[in-house]
């Protein structure tokens, strides 16, 4: 089987592994479902088409190539032990972030206070944890999905609530590439469900854009975080004024 046929076959499996359909792919690249099916039915699918579908499902060609060589789909959620190891060692956590975002070894060593032995040891530890597969010349194959989920109430989520969230909101959002919007109101349950779905759609779109930009050099990118949240909530000060339900 040629490499291109292997990639097409892997792409089919990856779409299925992510719980998506051809219709989902078609809607994201603005073509008909019939066109997507036709692409997959022909052995001469172009590289451009492969790339467009990769972006639509939130991966890049390197990730697809790695997936084609693996019988198992990427892990979508880390174990408790893996999360604990990352939280306990900020350098290790950073190493994973850099690996996920396709930083080359040269880019890592030029931007961060890692020696080459330091970097190799961190990658080796990630390999022992089962998060990446360390290959010759410090090349990395991810064993996790790039956008893996945090465990509910797990070590990473606890770190986020305890330290990362306060850091994120510690200063005003006044930069050219910064934005803060807080909206509040009373909505019905169907509207709340719709809003939650819209947030999930936006999160997927953000991940698709990350996948698209992963091919760029580190110097052409900037670390960016997006926080999306909603819940039934009001200021505690209002509780003192509100009548009890039985009044």
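Cβ coordinates are placed from backbone N, Cα and C, and glycine is handled just like the others.
TrEMBL has this to say about the protein:
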type	residues	note
DOMAIN	11-64	domain 'HTH cro/C1-type'
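Across the domain 'HTH cro/C1-type' (11-64), DSSP helix (H, G, I), strand (E, B) and coil residues number 39 helix, 0 strand, 15 coil. When pLDDT values are averaged over the domain 'HTH cro/C1-type' (11-64), the model yields 84.
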